[in-house]
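**Q** Can you keep this structure in mind? I'll have questions shortly.
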Amino acid sequence: MAAADDLKFQEFDDAANLLAANPDATTISIDEPVEIPKNQHSRLQEPGREEDDELLGTDDSDKTELLAGQKKSAPFWTFEYYQTFFDVDTYQVLDRIKGSVFPVPGKNFVRLYIRSNPDLYGPFWICATLVFTIAVSGNLSNFFIHLGKPTYHYVPEFRKVSIAATTIYAYAWLVPLALWGFLMWRNSKVMNIVSYSFLEIVCVYGYSLFIYIPTAILWIIPQKVVRWVLVVFSLCLSGSVLVMTFWPAVRDDNRRIALATVGTILLLHALLAVGCLAYFFDAPELDFPAPIIPAHNATTVTTKSH
């Protein structure tokens, strides 16, 4: 049988010898809690840090970049590259539409709905539906306004479809492109500026236009007061989504620049709604001339008097 001394663990003997040689050595016990580093502890104590992460979604940005880095990006000339922009299900699209129609005060639309999986499926079909809704509703509105006039003959204006498509898609792509470039430029000037990706900004603008689809249908009502009330109501809903999304990103910038940026966003959004209402629905009354009835060839009969 082995002696009792042979059953001792050599590691404990070595540790005891080390402690005897250096009494000031630091030991770690399993039962002792792990201390939080000072830099992490000070970060947790910052009062405004959690609020900024909540509004801007910066706490998920590292996870998003890590997941994005794990995905293999296909070349842009392949179908797989553009397929990722439409990788979204019906429930996600409906949830984002609901979030754009019923914005939650103090909540960031990008953080709640977009950042996990930005898409172009919803914005593309929302813009396409809005184009045909405005064009068809504008033609019907023109028909109902002049209905009953004997000199009016209804002729469908198909050019309104192309004009509406150019206006809506130019707004949904060019304005986000300009805003994305501006945020990138300010990010190089101010360290605290958080710039969204171009796809995220396009997604926010696309879903913010959904409220104008039912509004354009109701614009058929030939009452200017009702139409302008609908415009104000739609602007309040869709404009609040844009403000709550982009204000946290520019509020740390210069005060005048931040206010001017948000004001420009709201101004362009209002110009789109007012311009569509004025051009497609509030067309000036036209004075239709009376129809010219061609005179029939009449034969004049002359009688000779005897």
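Placement of Cβ uses the backbone N, Cα and C atoms for every residue, glycine included.
So TrEMBL says this about it:
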REGION    29-61  region 'Disordered'
COMPBIAS  49-59  compositional bias 'Acidic residues'
DOMAIN    101-273  domain 'Yip1'
TRANSMEM  120-141  transmembrane segment
TRANSMEM  161-185  transmembrane segment
TRANSMEM  197-222  transmembrane segment
TRANSMEM  228-250  transmembrane segment
TRANSMEM  257-281  transmembrane segment
**Q** Grab the same-chain neighbours of the transmembrane segment (161-185) for me: Cβ-Cβ under 8 Å, and only residues 6 or more beyond its ends, written as numbers and ranges.
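**A** Contacts of the transmembrane segment (161-185) (Cβ under 8 Å, skipping residues fewer than 6 from its ends): 123, 127, 130-132, 134-135, 138, 193, 195-198, 201-202, 204-206, 209, 246, 249-250, 261, 265, 268, 272, 275-276, 279-280.
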**Q** Using a Cβ cut-off of under 8 Å, list the residues of the same chain at least 6 residues beyond the transmembrane segment (120-141) that approach it.
**A** 85-86, 88, 93, 96-97, 156-157, 160-161, 164-165, 168-169, 172, 199, 202-203, 205-207, 209-210, 212-213, 216-217, 219-220, 222, 276, 280-281
**Q** Which whole number is the mean pLDDT over the domain 'Yip1' (101-273)?
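**A** On average, pLDDT over the domain 'Yip1' (101-273) sits at 88.
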